[in-house]
Amino acid sequence: MYKIVLLRHGESTWNKENRFTGWTDVDLTELGVGEARAAGQLLKREGYSFDLAFTSVLKRANKTLNIVLEELDALWLPVEHSWRLNERHYGALQGLNKAETAAKFGDDQVLVWRRSYDIPPPALEEGDERLNYDDPRYGSLPRARFPRTECLADTVARVVPYWETVIVPQILSGRRILIAAHGNSLRALIKYLDGISDGDIVGLNIPTAQPLVYELDVNLKPVKSYYLADEDTIRAAQAAVAGQGKAKG
């Protein structure tokens, strides 16, 4: 039996402003820092410790992870970073307010862009300043493969191979793993682990900074999964995430 912990980053500045973020490298809010600290304290109270952590190359996930590790007195822990764990790229929606976008295009259309499996938002056009090709953290990513937009299927296509080739061998070696990432990169991984259908994945919402535990059998198939926080806390946090893409009444 193996056990891993998944953790979405704490509230970011654009979460607070209800903006589509994607690959934009925004920081944590004061609340987000507190959420990350609370997550670390919860993991400590529940007796969790880790041998290796994985995260994206975006600061909101990195800072969340560092705060958690500080609470666990484990800042020495080896950490592997990969753009493959980045948030889904939201294309031309990046930076736009979700409620304002819903008011313009309709709640249903924005729900499709946010939560559908295979329909991407409008793509960034060549020359858009949001296409940060020259960012050194993406030095290994060929320009031709740099995303201008992504649907969840595209995110799955980069997350799952990373899981299988990089993370799985570490789990099988007996190392205790923490993955600190993003709402949609975690949705991609959970879809794969739980075998969630393309249609049902629309309803999956990942709350910020709430440790999610997966217990896996010898074949790394989920035996059970659960949040460490109580059900009412998780239900309210998931509802808040679900409501972000709706027009204000």
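FYI, residue positions are counted from 1 along the chain as it appears here.
The backbone N, Cα and C atoms fix where each Cβ goes, glycine too.
His9 (active site, tele-phosphohistidine intermediate) falls within neither a helix nor a strand when secondary structure is assigned with DSSP, and so counts as coil. What Swiss-Prot lists as active site, tele-phosphohistidine intermediate is His9.
Taken from Swiss-Prot, the feature active site, proton donor/acceptor applies to Glu87, supported by sequence analysis. Under a cutoff of 8 A between CB atoms, and with a sequence separation of 6+ in the same chain, the neighbours of Glu87 (active site, proton donor/acceptor) are Thr21, Gly22, Trp23, Ser56, Leu58, Ala181, His182, Gly183, Asn184, Ser185. In this structure, Glu87 (active site, proton donor/acceptor) belongs to neither helix nor strand by DSSP; it is coil.
Annotation comment: Swiss-Prot describes 8-15, 21-22, Arg60, 87-90, Lys98, 114-115, 183-184 as substrate binding site. Less than 8 angstroms from the CB of Arg88 (substrate binding site) sit Gly22, Glu150, Cys151, Leu152, Asp154, Thr155, His182, Asn184, Ser185, Ala188, each of them six or more residues away in the same chain.
Annotation source Swiss-Prot lists site 'Transition state stabilizer' at His182, citing sequence analysis.
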For Arg8 (substrate binding site): intrachain residues, at least 6 apart, with Cβ closer than 8 Å
Ala180, Ala181, His182, Gly183, Leu186, Ile206, Pro207, Thr208, Ala209, Gln210
Around the C-beta of Lys98 (substrate binding site), how many further C-beta atoms are within 10 angstroms, looking at every protein chain?
23
Mapped DSSP class for Gly183 (substrate binding site), helix or strand or coil
helix
If you tally other C-beta atoms within 10 angstroms for each of the binding-site residues Gly22, Gly183, the top scorer is Gly22
Counting other C-beta atoms within 10 angstroms, the emptiest spot among the recorded positions His9, His182 is His182
Please classify the secondary structure at Gly22 (substrate binding site) using three-state DSSP.
coil
